[in-house]
Amino acid sequence: MSYRSSKEDMEDSHKPQDSKKETSGQKGGLRTIPFILANESFQYVASVGILPNMIFYMINGYNMDTAPGASILSIWGSSSDFLSIFGAFISDAYLGRFRVIAFGSIISFLGMTLLWLTAIIPQARPAPCDSLHSGCQNPTFVQLAFLVLSLGFNSVGAGCIKPCSLAFGVDQLINQDNQLEKNERLVQRFFNWYYACASISSAIAMTAIVYIQDQFGWNVGFGVPAILMLVSASVFLGGSSLYVKMKGDKNMFTGLVQVVVAAIKNRHLPFPPDNSDGLYWHKTDSNLRVPSNKQRYLNKACIIKNPVEDFNEDGSATNPWELCSVEQVEALKGLISIIPIWSTGIIFYLISNQATFATIQATSMNRHITSNFQIPAGSFSLFIPLSVAIWLPFYDGVILPLVERCTGRPGGLSPKLRIGIGLFMSCLCMVYAAIVESIRRSSAIQAGFMDDPTGVVNMSALWLIPQFCLLGFAVALNAVGQYEYFYSKLPKSMASMVSALYNLGTAFSGLLGGFIVTLVNNVTKSGGNTSWLSTNLNKGHYDYHYTLISFLCLLNFLYYLLVCQFVAYDEPENDVRARFSDENENLTETLLSSKSRQF
C-alpha cells in the first residue's frame with residue numbers, strides 16, 4: 001500500500017493561487033511592459049554608468065589609495081548581490097514583487113541623490129591634495145560614512161529591483177484564459193525586449209555617462225544618474241493602476257529546511273527495503289516514488305512511521321517538520337549536488353574585479369583613435385558586454401549546429417564543458433593582462449615616468465581590448481553553462497534558485513576580491529617596500545598581482561576537473577526529468593525556467 005498526498009494538497013503547497021492576486025478585473029497585458037522596461041532601463045543606465053569611473057572618484061575625490069578604493073568597490077558590488085537574494089525572499093514570501101520593486105526604485109533614487117550631494121557639497125569630501133604644503137587629507141569618519149550610506153542605499157535598491165523585475169513582467173503577460181502557446185509567445189517577446197534593453201542600457205551607461213563624467217565633472221556626472229533614477233521610479237509608479245500584483249506566497253526555502261529537520265528527528269529510523277515505495281510519502285501523480293541513494297541520510301525525512309497518525313484527512317502531513325515528501329527530499333539533494341560546481345564560480349568572478357585596475361591602466365596609455373578623439377578610460381569595460389553579445393549569437397548560429405552535426409549530440413557543447421572552457425579562458429585572460437601590464441610598466445620606466453603616474457606612455461590602450469574580450473567570452477561560456485547545468489539539476493519549482501545561486505557566487509567573489517586586494521597591499525608594502533597595488537602604477541607591480549590571480553584561476557580550473565571526475569557525476573537526462581516531472585507547476589515559473597536557459 002502506498003501513502004501519497006492528494007493532488008489538490010500538492011497544488012496548494014507548491015503553486016500560487018489565483019486568490020493571491022491583489023487586484024481583479026482586466027489588469028496587466030502588453031500595455032504594462034513599457035513601464036517595466038523603462039524602470040529597468042533607466043535604473044540600469046544610472047547604476048552601471050557610475051561604476052567605471054568610481055575608482056577615480058575614490059582616488060581624486062576622497063584622496064584614497066588604489067587598494068582601499070578597489071576594496072570598497074568590491075564590497076559594494078558584492079553587497080548588491082547578497083541583497084538581491086534577500087530581495088527575492090522578501091518578494092516571494094511577504095511583500096510581493098510590485099512593492100519590492102517600488103521600494104527599490106525609491107531607495108535607489110535616494111542613494112544616487114546622496115552620492116550626487118557628495119560631489120556638490122565641498123564639506124562632504126576632504127580637501128584636494130596639496131603636495132607643496134599639507135599633502136593629502138584622509139576623509140573624516142562623517143565624510144566616509146556619508147559616502148558609504150549613499151552606496152548602501154544603491155545596493156539595497158539594486159537588490160530589490162534585480163531579482164524581481166523580470167518575473168514581474170511575466171506576471172503581467174500570463175493569462176490563464178490564453179492557450180499555453182500564446183502565453184509562451186508573449187513571454188518570448190518580453191524576454192527579447194528585456195535583454196535588448198539591458199544591452200542598450202549597458203552601452204549607454206559605459207559611453208554616454210562616462211563621457212559626461214569625463215567632460216563635465218562629478219557634479220553633472222552624478223547629477224544625470226540621479227535624475228535618471230527619479231525618472232525610473234516615477235515611470236514605474238505611474239503604471240501602478242495597470243499592474244497585476246501578486247501577494248507574497250510561501251517560500252520554497254521552508255520546505256528545504258523541513259527536510260533537514262525531519263531527517264535529524266528521524267535519524268534513528270531504519271531504512272525500508274529497496275524499492276519499497278509504500279513506506280515513503282510521495283505525490284499522487286509523481287513519477288518519483290522512491291528517493292535516490294545519494295545523500296541517503298536525507299531519505300529518513302520522507303519515511304512514514306504511522307500511516308494513521310502521520311496524515312490529516314486531506315492527505316497532508318500532520319507535522320511537516322517530521323514528515324516530508326520524496327519530492328522535497330530530492331529537491332534538497334539536487335541543490336546539494338550542484339554546490340561543488342557552483343563553488344568554482346567564486347574564484348572565476350575574481351577576474352571581473354580586475355577590470356577596475358585595467359581602467360586605471362588605460363589612463364596611462366594612448367587612448368586616441370584619431371587625433372581629436374580618445375576613448376574614455378571607463379568605457380573600455382564596454383567590450384565585456386559587447387563580447388558577450390557577439391559570442392552568444394555566434395554560438396547559437398554557428399558552433400551549436402556544427403557540434404550537433406559532428407557529434408550527433410543535441411544541444412551542442414554540454415554545460416559542464418562550457419563551464420570548463422570558461423574557467424580555462426579566465427586563466428588566459430589574467431596571463432594576457434600580466435604580460436600587457438609588464439610591457440606597459442617597462443615602457444613607462446624607460447620614458448622616465450617612474451615618479452610620474454600621470455605620464456602617458458607611447459603604447460596604445462587598444463592592447464587592453466583583448467583582455468576585456470577574453471573576459472567577456474569566458475563569462476558568456478561559464479555563466480550560461482552554470483545556468484543550464486543548475487537548471488538541469490533542480491526541479492522547476494526551484495528555478496529561482498538559479499539566479500539566487502549566481503548572485504551569491506558573485507557576492508562571495510566580491511568579498512574574496514576585496515580581501516585579496518587588502519592582503520596583497522599590506523603584505524607587499526611591509527618593511528617599507530612599495531605595494532604591488534601602489535596608486536603610482538609605475539612604482540607598483542600590477543603585473544605581479546595579475547600573475548597571482550592567474551595562478552588562483554589555474555588552481556580553480558584543476559579543482560573543477562577534480563570535481564567533475566569525482567563529485568559532480570552526471571545522471572542520465574531521462575532520469576533527471578523523471579525525478580522532477582510535475583504537471584501541476586505554476587505556469588509563470590515554468591515559462592521563466594524554460595526561457596532562463598536561453599540567457
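Glycine residues also receive a Cβ, built from the backbone N, Cα and C atoms like all the rest.
Under the heading region 'Disordered', TrEMBL lists 1-27.
As annotated by TrEMBL, compositional bias 'Basic and acidic residues' applies to 1-24.
Feature annotation from TrEMBL assigns transmembrane segment to 41-59 (among others).
The feature transmembrane segment is assigned by TrEMBL to 71-91 (among others).
Counting residues 6+ beyond its ends, the transmembrane segment (98-121) has Cβ neighbours under 8 Å at 39, 43, 46-47, 50, 57, 61, 87, 90-91, 143, 146-147, 149-161, 164-165, 168, 217-219, 221-223, 225-226, 229-230, 232-233, 236-237, 240, 243, 245-246 in the same chain. Per TrEMBL, transmembrane segment is recorded for 98-121 (among others).
The transmembrane segment annotation in TrEMBL covers 141-170 (among others).
Positions annotated as transmembrane segment by TrEMBL: 191-212 (among others).
The annotation transmembrane segment is assigned in TrEMBL to 224-244 (among others).
Among the features that TrEMBL reports, transmembrane segment is placed at 335-360 (among others).
Annotated transmembrane segment per TrEMBL: 380-403 (among others), in sequence order. Residues 51-52, 199, 202-203, 206-207, 355, 358-359, 362, 409, 411-413, 461, 464-465, 468-469, 471-473, 475-477, 480 of the same chain lie 6 or more positions beyond the ends of the transmembrane segment (380-403) yet place their CB under 8 Å from a CB of it.
Feature annotation from TrEMBL assigns transmembrane segment to 415-435 (among others).
For 455-480 (among others), the entry in TrEMBL reads transmembrane segment.
Residues or ranges marked as transmembrane segment by TrEMBL: 501-524 (among others).
Here TrEMBL flags 544-569 (among others) as transmembrane segment.
Between the transmembrane segment (191-212) and the transmembrane segment (501-524), fewer than three CB pairs separated by 6 or more residues in sequence fall under 8 Å, so the two stretches do not touch. Two recorded stretches are said to be in contact when at least 3 C-beta pairs lie under 8 angstroms, sequence spacing 6 or more; the transmembrane segment (335-360) and the transmembrane segment (501-524) meet this definition. Away from its own ends, the transmembrane segment (544-569) comes close to residues 337-338, 340-341, 344, 347-348, 350-351, 354, 357, 416, 419-420, 423-424, 426-427, 430-431, 433-434, 437, 516, 520, 532-533 of its chain (Cβ-Cβ under 8 Å, at least six residues beyond either end). Sequence-distant contacts of the transmembrane segment (415-435) (same chain, at least 6 residues past either end, Cβ-Cβ under 8 Å): 341, 344, 348, 351, 354, 358, 466-467, 470-471, 473-482, 484-485, 488, 543-544, 546-547, 549-550, 553-554, 556-557, 560-561, 564, 568, 570. Sequence-distant neighbours of the transmembrane segment (224-244) (same chain, 6+ residues past either end, Cβ-Cβ under 8 Å): 21, 23, 27-29, 31-32, 34-36, 38-43, 45-47, 49-50, 98, 101-102, 105-106, 108-109, 112-113, 115-116, 168, 171-172, 209, 212. With a threshold of 8 Å between CB atoms, the same-chain residues lying at least 6 positions outside the transmembrane segment (71-91) that come near it are 51, 54-55, 58, 64, 97, 99-100, 104, 148, 151-152, 154-156, 158-164, 248, 251, 253, 353, 356, 496, 499-500, 503-504, 506-511, 513-514, 517-518.
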